[in-house]
Amino acid sequence: MLLLQQPPLVSTRFHSLYFLTHHHHHHHRFFQPPISAFSATTSASLPSPSPSSSSSYFSSWNGLDTNEEEDNEFSSEVHRRYDFSPLLKFLSRFGPVELALDSESESEASPESLNPVEFDLVESYRAVPAPYWHSLIKSLTSSTSSLGLAYAVVSWLQKHNLCFSYELLYSILIHALGRSEKLYEAFLLSQKQTLTPLTYNALIGACARNNDIEKALNLIAKMRQDGYQSDFVNYSLVIQSLTRSNKIDSVMLLRLYKEIERDKLELDVQLVNDIIMGFAKSGDPSKALQLLGMAQATGLSAKTATLVSIISALADSGRTLEAEALFEELRQSGIKPRTRAYNALLKGYVKTGPLKDAESMVSEMEKRGVSPDEHTYSLLIDAYVNAGRWESARIVLKEMEAGDVQPNSFVFSRLLAGFRDRGEWQKTFQVLKEMKSIGVKPDRQFYNVVIDTFGKFNCLDHAMTTFDRMLSEGIEPDRVTWNTLIDCHCKHGRHIVAEEMFEAMERRGCLPCATTYNIMINSYGDQERWDDMKRLLGKMKSQGILPNVVTHTTLVDVYGKSGRFNDAIECLEEMKSVGLKPSSTMYNALINAYAQRGLSEQAVNAFRVMTSDGLKPSLLALNSLINAFGEDRRDAEAFAVLQYMKENGVKPDVVTYTTLMKALIRVDKFQKVPVVYEEMIMSGCKPDRKARSMLRSALRYMKQTLRAS
């Protein structure tokens, strides 16, 4: 029997890098990752068939890809030795070959007899080495129109036992189907062969490219269960997909990173950059900086886009000095920062710095020949709106026009968002007037901001009028629109209208996302409609949407507020069992729920679990704990929490002192209330109405006591 030589392994796309993190104190071996379908195939490619006729494909066999010298050599070899056009003509003799994976294939079993034409074909191709079949299939799959023909070739090869590396052929097909957004067909095809590392990797890549992260992660887990190691390229694709679809969060990324470490995968440059950017995009610049330092220590220069993403994350976190330092590092490396890099730093100045810093940044851009874009101007408008300088914001609009940057709906949406965040929702009408005067037509994003503005300030009639106007202009609402409307109706107690909006959303073909379900779960919980809430959770899971941290936090909150503490604890345990880490917000909700019912012991236990999970106690959690002791008439323990706060660098706020005064009043220790009030003032807290009311109540009772004596 002729043994066909397997194609050589292709090297990774980038230079390799392996991190030794502080978790490991010994060296690891370098592991070569399993090959993936698209990197394992020989790089030669054949011309794709024209959609109009199959004959054009047969006549264009000579037109091989000439991008690489070795491609030319290999394709010339193919041309000299083998002509596949008779086979392709035979398979397409009844017309264009359609991709029919869900039907029973006629060629699965080896035939007992053949017609003379097919017999001659089989004999003529019996000696073709496997790499040439790989090249043929890769060529056919380069065009969607010839995917059916590619599958027909693979089926024909199996039928006649002409190739002994079908897993690679199937991997090429699966990869091509994923690239053509035919994920369903890719899964059907994968079922026709036992999954191997090659086909696993191809299928995971197809899922990631189609943003079906849940399936990709499930396949990686199943692959590991079967004793195979995932390809590092797949992790890159998964992280890129999460980043691209804005679904990435630090907890999920950390879990993926630990998997990579545990599997001792060799990290390539692309994966390192993807991980760093992923942490930055997920709002965890500290982890991104840590990994950047590790990468630079190995001599790796991060991509400009990676550095800009960290600068942006630092700016979002208000860490402007660190963002400045990284921006300067970018400049000193010889790279001329472009508009996007300046915008990332400008965002930090708008968020935390004085207005002059934002203005000087824009001036510096212009001096260095970097043209401001609409995002630059919108950030500067944000800065002026934050400073209450509406006229200056209008001047920026005029500057945009003078600089040939036409103000668009996005700029006006930022202007409106600034007024919304400052509580000046009445200026909405002024913005609309200004927008109309220069001929800018509102788009979906602008309408979403308008609806959100009206919803936040309980102007629900205005919100619905805006929604109707949006529809009348032919602008289809997106998930943000529906979520905003549903949420604002829920928050103002209009649960029936919210439910109607949820149903209308589905009727119009807009599929609810995790955020939508979380809003409705909270609505049902507030109404104590537990059966409806569980039904909705089931529906959410049936649609492939996994409950996230917000879902579990919402469940803990609504269960806790209703005294269903066993259900709340069950949610916490379920969350941990699926690898999600409970957040401080979740424990705050549980502690507060116990506090409202005076269950101080349970509140303390929840607090202990919180700290044992590695979460730093927040001011909110500690205030809730003080409230729990106060409700349980345990004022000594309440003041012990205050002492704990002082010793651990948590600054008490007005809520802390007000809650302590309430605890003293509850146990009739009125004479101590003025002392707490005075300490509050001395600590720099400004008393609010509730604090002053507590003091008056205590003084009034003390006065009555003196009179009675």
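A Cβ is built for glycine as well, from the same backbone N, Cα and C atoms used for every other residue.
Per Swiss-Prot, the feature repeat 'PPR 1' maps to 196-230. Residues or ranges marked as repeat 'PPR 3' by Swiss-Prot: 268-302. The repeat 'PPR 4' feature in Swiss-Prot is assigned to 303-337. Taken from Swiss-Prot, the feature repeat 'PPR 5' applies to 338-372. Annotation comment: Swiss-Prot describes 373-407 as repeat 'PPR 6'. As annotated by Swiss-Prot, repeat 'PPR 7' applies to 408-442. Annotation comment: Swiss-Prot describes 443-477 as repeat 'PPR 8'. Swiss-Prot lists 478-512 with the feature repeat 'PPR 9'. According to Swiss-Prot, the feature repeat 'PPR 10' maps to 513-547. Marked as repeat 'PPR 12' by Swiss-Prot: 583-617. For 618-652, the entry in Swiss-Prot reads repeat 'PPR 13'. Residues or ranges marked as repeat 'PPR 14' by Swiss-Prot: 653-687. Residues or ranges marked as transit peptide by Swiss-Prot on the basis of sequence analysis: 1-54.
Residue counts for the repeat 'PPR 4' (303-337) under DSSP, helix first, then strand, then coil, are 26 helix, 0 strand, 9 coil. Residues of the same chain lying 6 or more positions beyond the ends of the repeat 'PPR 6' (373-407) and with a Cβ under 8 Å from any Cβ of it are 339, 342-343, 346-347, 349-350, 355, 358-359, 362, 365, 414-415, 417-419, 422, 427, 430, 434, 438, 440.
Secondary structure counts, DSSP: the repeat 'PPR 5' (338-372) has 27 helix, 0 strand, 8 coil. Helix first, then strand, then coil: DSSP counts for the repeat 'PPR 1' (196-230) stand at 26 helix, 0 strand, 9 coil. Assigned with DSSP, the residues of the repeat 'PPR 3' (268-302) fall into helix, strand and coil as follows: 26 helix, 1 strand, 8 coil.
Same-chain residues lying 6 or more positions outside the repeat 'PPR 5' (338-372) and placing a CB less than 8 Å from one of its CB atoms are 304, 307-309, 311-312, 314-316, 318-320, 323-324, 327, 330, 379-380, 382-384, 386-387, 389, 403, 405.
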